[in-house]
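Enquirer: Grabbed the feature section from TrEMBL, which reads as follows:
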{"type": "COMPBIAS", "residues": "505-520", "note": "compositional bias 'Polar residues'"}
{"type": "DOMAIN", "residues": "51-215", "note": "domain 'GAIN-B'"}
{"type": "DOMAIN", "residues": "224-494", "note": "domain 'G-protein coupled receptors family 2 profile 2'"}
{"type": "REGION", "residues": "498-520", "note": "region 'Disordered'"}
{"type": "SIGNAL", "residues": "1-18", "note": "signal peptide"}
{"type": "TRANSMEM", "residues": "227-249", "note": "transmembrane segment"}
{"type": "TRANSMEM", "residues": "261-283", "note": "transmembrane segment"}
{"type": "TRANSMEM", "residues": "303-323", "note": "transmembrane segment"}
{"type": "TRANSMEM", "residues": "335-359", "note": "transmembrane segment"}
{"type": "TRANSMEM", "residues": "390-420", "note": "transmembrane segment"}
{"type": "TRANSMEM", "residues": "441-461", "note": "transmembrane segment"}
{"type": "TRANSMEM", "residues": "467-489", "note": "transmembrane segment"}
Amino acid sequence: MRIPLCLLTLVWFPSIQAGEDCRHVLGRCLSKEMWTRCYESEITSCSVKRRSLNFIHLMVNSSQEAEESPTPQHTVHIPSTCLQRISGDASQKEVLLVATVINSTLFKLSPPRIGRRRVILEKPIIKQVLGGLVLAVRAGNQSVRNLSQPVRLTFRHNRQVESGTCVFWQESHFNDGTGVWSTDGCETSETGSEYICSCNHLSFFAVLVNPALSVQSKRSAVILSNITYIGSALSIFFTIISLIIYICLQRQRPEKAIGVHLQLSVALLCLHLSFLLGSFWVWQLKEGEEGWVCGGLGLFLHWSLLATVCWMALEGFHLYLLLVRVFNIYVRRYLLKLSLVGWGIPTLIAGVCGISGVYGKYTLKIIDATNPNTTSQICWMSSQFPQMPLVSYVTTMAFPCLVILCNFCMLGLVVFKLWRLRAGGGSSGWKKMHREKGIRLWKDCATVLGLSCVLGLPWGLAGTTYISLSGIYLFTILNSLQGLFMFLWSVALTCKPRTDDNSSSKDPSSQKVMTTSFNN
């Protein structure tokens, strides 16, 4: 009796192991270091004891092509030549096909290593797996490569993404459970709402994409446009008032700092005025029509932008002379030389671009969830100009970023100087000391905020537009109202003479800071 029982146990126990539920394979393989190899080998020997979602495990006819969809977003199409190659024996008419999706967080990327082997993954920080799911496809019990007819994998999506690339998971050569996303043997095609991958092998597949931040509703797009137009109109109004104030201040007390602020205000006025003119004029043009007026307005807008950036840089340079070189410097015809730089460089660049035919009607394709064909137009650099991306990158991205970086360093120097002056000042009386410290803190904060707007540091918020929709709103509001900030700075300058007499005797360090900030 014992012998038949032992034989029955030996026969029955392997059958249990071979018939393991497919739902438990992934969890068991994850405990192993090379879990992808374990999953590929055991997923074909498991059994489906209860039908589950997102999992295909069935026998298909090797003489016919197979098409299955583990999820509504994923479809696998395998040609008959691939199935016949897998079956091998002509008598074997059916082949096991397994298709499922796995969470992309389970695939750990290999750390960068310098060596002879080339790491194929590009931009691992920016690229993301589409939908966060990896499509695993397995046919038969052996790996298949170099197929004559490629396997077609379809990834459908309803998200706003850019630059999709079909990849498969390639284990690293260090056998540490990590790997890289490789494009070898896979080709990518896009049809708008789906990516189609044609690969000559079977493996773990995914689509790496760059998430595109976009305005998801027409209402948000209209709100942002209204904010821009209203903010630019307000900036024009307040900039004109600022110019009047600066002219009056220049007559009362001619200071070089006021002259620099005056030139920056003129550049800002031209910038907002050219933006509104270019936006409104393009509405009058017909489809495909540009005209010399639109090209002239594009030149005016580009020139105004360059002039504004140049005068922001000169504001930082002037602040450098005040704080670092202090007062032991004299430059003959200082404002004239600054004007040659502030107005000459933009004129030279815009003139060269104008002769090259850069300017015209610029058409921006808006990524809209409801209408993918939505566009926005403005008189700027012509979209038809071949070198337009290069010119735009150098003059409107690289140059402003360099200026903002330098001016940010200047603002840091101002904060350091303020801290040094406050640390060196002393006061008698505990209550009086804390009261004066509070007043000084407010004055210092106002000085730093004012200088931030003058130096154009709000333009540095352009990086937030790639993070969230709130970043787009913040950047739009602050930069469209820069004329208002210049007006507030001019009002602060007019109030300075009234506070000098009261503050100079009580707070010499504060007087020194205000002199450094405002005077020449």
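Cβ atoms here come from the backbone N, Cα and C positions, even for glycine.
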Enquirer: Please indicate, using numbers and ranges, the residues of the same chain that are 6 or more beyond the transmembrane segment (227-249) and have a C-beta under 8 Å from a C-beta there.
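Expert: Distant Cβ neighbours of the transmembrane segment (227-249) are 255, 258, 261-262, 265-266, 268-269, 272-273, 275-276, 279, 473, 476-477, 479-484, 486-487, 489-491, 493-494.
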Enquirer: In terms of Cβ proximity under 8 Å, which residues at least six beyond the ends of the transmembrane segment (261-283) contact it?
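Expert: Tertiary neighbours of the transmembrane segment (261-283) are 229, 232-233, 235-236, 239-240, 242-243, 246-247, 250, 293-294, 297-298, 300-301, 303-305, 307-308, 310-312, 314-315, 338-339, 342-343, 361, 377-380, 454, 480, 482-483, 486, 489-490, 493.
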Enquirer: Within the same chain, where does the transmembrane segment (467-489) have neighbours whose Cβ lies under 8 angstroms from its own Cβ atoms, ignoring anything closer than 6 residues to its ends? I mean 6 or more beyond.
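Expert: For the transmembrane segment (467-489), the nonlocal Cβ contacts are 213, 215-216, 220, 224, 227-228, 230-232, 234-239, 241-242, 245, 261, 264-265, 268-269, 272, 450, 453-454, 456, 458-459, 461.
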Enquirer: Averaged over the whole of the domain 'GAIN-B' (51-215), what is the pLDDT?
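Expert: That region's mean pLDDT is 80.
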